[in-house]
């Protein structure tokens, strides 16, 4: 069977796996963005929160993904639970770091003028600091997404969702019928998902960056 | 928020002190002063003397260690800081416009916080842009990055004026512009303040700027101690000590001439003389002297008559030496 024939004959399985792959990444990145931006906001004002959270997020990244997912099995079982949690925590570092950098990198005069005009801390954050730091925060989210799309393939080992099953199933019986096709289909699927997510973030960036930051003098 | 009478509000500082923890000496040490309603008071002093800290305590961007601040009789330290700041205009050297908001949104921000209806905000934005000489239809929709430095400073001033606060705090608001733009902005600001009569505290390290803008000048030294607090003319003619004299520089008399306008001086001969070099009534005596020197003459024509060198000297309280004035008058050599 050629690769094309393989994809057509297994389309239902492949498209379901791809959809699950994308879904688990989307949920994980949404959670990581919510928590990571929150921690980043706390961290930009407090050196202790900043240093601890970045150190912790960096430490998590040093744990091999297979090890982390396996370690989670006793707590969250096989499948979605462990996959989601590990993907979420892997996504923290770029998001927290870019949020902190974005907020700390703002022109001090802008913040001082805002305080001097009578904006409360919360209002200043919501109306001035976050919109201005947003392009950098979004870049962090985008980097994290690219990272965990690859890691999500490993989830096959803990019976998780996604295209990993295709890849590793194919690899495990290499040489037999359609094994190469299965691996290839899974791998190419991951690439396609990565490209689609990147296009999505490109569009989001374009639509959500304040116009005043895009204009040329 | 503050009780305003027709002349605006008065600011009183009482034994105001800021001592940062871990520093040997207070940044601001026990300053007491009154800023009369509707006057522009300039704090001038070297960098690090505490002038900016003193100013920032008034809108509580810096919380005082001890002392008292009253604006229009109200105890500032008992008010909510955010609410307080919405009623005090604030303009700083780096301007700090919000780059993601248009000029109109930047100016309209405080009125919006104060709950003004949108129609009133729009009208106010128009009015303020016109006031700072920016064509509203052109600039309303622009973003700060599309403005030159001088235009940004103007928008900064307009933003500080937005909610018509009775009190303004300005920290070298024209500092970041080139000398020509700065002079232009200063002149416009003098004109503006004549109209508005707000109570303004203006911080600068530039004594020329202080003379030009201030109704009164507070010369400050280390720890925000007041070296002298008086009108520009009084400080120039009678500096309190060497420190103040050092600040004024060598040309105190020329600076005093710059404070007086030609139209304020009694003229020797009420008949205009078209043959003489001419100055306008609005020109300063310093400019008139410049014209006289340039033409080697001891007199120049004004719209209402003839201004003499002797009148210039009288205006700064000195008498010309006879020989010199005779020499100049006869057009001959001066010894």
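Numbers run from 1 along the shown chain.
Placed from the backbone N, Cα and C atoms, the Cβ positions cover glycine too.
TrEMBL lists transmembrane segment for one of the ranges A:1-21, A:22-42, namely A:22-42.
The largest share of C-beta pairs under 8 angstroms with the transmembrane segment (A:22-42) comes from A:79-96, of the ranges A:54-73, A:79-96, A:132-158. In terms of C-beta pairs under 8 Å, the stretch of A:54-73, A:132-158, A:178-204 lying closest in packing to the transmembrane segment (A:79-96) is A:132-158. Long-range neighbours of the transmembrane segment (A:178-204) within the same chain, counting only residues 6 or more positions beyond its ends whose Cβ lies under 8 Å from a Cβ of the stretch, are 1, 3, 6-7, 10, 14, 17-18, 21-22, 25, 138, 141-142, 145-146, 149-150, 153, 163-167, 169-171.
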